């Protein structure tokens, strides 16, 4: 026997609904060729050529300096030059950490004779000596390095323009200008006494110059400020607009306007909050194994205040480029295992789709000049305990990444009710301390953020920043641009899928063994599999089509397709009465296994494991009257489907596809060579024994490699250890033994009807492995 349902799915999944395929390909092609690059990006609509509308004819020269600002005392940002322009003599600059560094600068006017002056600086009265016999201004730096010292002059700047500039680098070191602007020895000097968090006191009007424009700052020191520090209009324009406009963090600026359309620049401060979500799926068996710990997309809605107005925001977080790890302590059913778990690493990205109820998102269809700035976000993982039936629970703990803003694009965000045109903020991941580990295992000192508990003790993660964009919107503010994809969206699909998975797994305990074996012997084709779901034939056909579409992307279908076309054709046959087409290229298919004949245990185990993982596919190429693992898998699916309370056409195809991939992960296959049997498992175990006495003999790797290409593969429903245990405790005849080795359904049913505990326990263990 070989399950007919999987054969039909393998065959028909490649030819199902050709019209749907043509439609999909046509849609993709149409999307690629009709999008024309223009001034505006678009989220859904095709671009349209719009005029610029009414535009201003004046050319505006923006001021070079940012300022002037009034005197200030604060922890000014680092990596900027602060150009002071004092109008009077005296202290113009001071800074201290109150521990190891005190500094202030005193402006001495030209032609000042040597004299002593008393100044109040940094809550201290100080007596200093000043002297400037020249005709230029002199900025003198006074420094001390302990509270008991007296201030001494260190460096000075002679300048004709009453300008001095200061800068604090990332380490906190103070730099300013030394020398003289008239003698050509003007230079930048640095005091290597870090004061990273100290308050800087600027006692004069000052300008801010970016660090990248240091040369411009030097020119100002040497040649003075420009003659005019206001906006200059080169060509005459209307007096009504002759006012300097400074972009505010939150405002709407009309760039141009026509009768129907206008361009509006939206500037917004935003607070982005997001919550990671995960899928934690426990595998079948005794409760010691987990099949998947992965990230999944998650929606989050919140409110915050922007300029005194409450903003309702909605975010969707998703990840890309995660690293997938696994861990397995051994082959026993009681050995702890995590088949796959996701970790955010350096190659990973986090996407946060953001929408709020402000005017900026009301007409987000045609967009240009999109820019954004966001701060970093630190994400630290928490604890997750793996609840084992017996023994101490392993705990996954720790892990951290730092998310750095990497770009912004347009996106569409799906909620439970509508789809929203949003902004997608992309964050690049960088690993950070602490590392993560799983207590009681060898998993330790790994870096990244695992998906087990990515939120730690945080309710949400938050990033603050701003964005700016220009939209083409209707001139009438009451009109909202229709969005083509504003339709109801079923975002509860994932939740329903999880609920059906749980219900599907809970039904394993309610399956009668005799009923299961009888069902496994039936020719379960697609119609009989789905006919019990709906009352009409058309509904069953629709259901089967949906399952085939989903099954086409399953790992089993991909494995069949990747081996050879011959195997795919053979697996696709839906005839049970006649023999399947032989695989002419079988030898080439299994060359990678048959070539490995080294007799060492490690290589034999590797060879056996590699063969066992491919035997499921090869099993479809042969016709045998025994029960296969896929027969049991299909029977369990059919039994559980008939017990489900609610069946959804969108959800059940996913469940059936997952069942084909995840049901009975621990399988054993055997090859019979006369009086000798070779048996291998997907867990790396291998046996060779005699059919007469079940005595274990040496595993002949060379002979096994030959049998791989020529002999039929049999599912070891009753594996070697179970048969040996049955023979030792109950005794079985030679005929019963041979039928058991061939997985004869009649013999299995007879032992089950006799309530044989060994056989019943084996079948029950297989059913318990039928979990998703």
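Numbering starts at 1 and runs along the chain as displayed.
Note: Cβ is positioned from N, Cα and C throughout, glycine not excepted.
Since this is a predicted model, take the numbers as computed values, not measurements.
Ranges compared are 427-454, 455-482, 483-510, and Swiss-Prot records coiled coil for 483-510. Panel annotation: around the region 'Hydrophobic' (388-408), residues 286-288, 334, 336, 343-345, 348-350, 370-382, 423-441, 443, 446-450, 452-454, 461, 463, 465, 467 of the same chain, lying at least six beyond its termini, place a Cβ under 8 Å from a Cβ of the stretch.
Each residue of the region 'Hydrophobic' (388-408) gets a DSSP state, and the totals for helix, strand and coil are 0 helix, 13 strand, 8 coil. Confidence across the coiled coil (483-510), taken as the mean pLDDT and rounded to a whole number, stands at 55.
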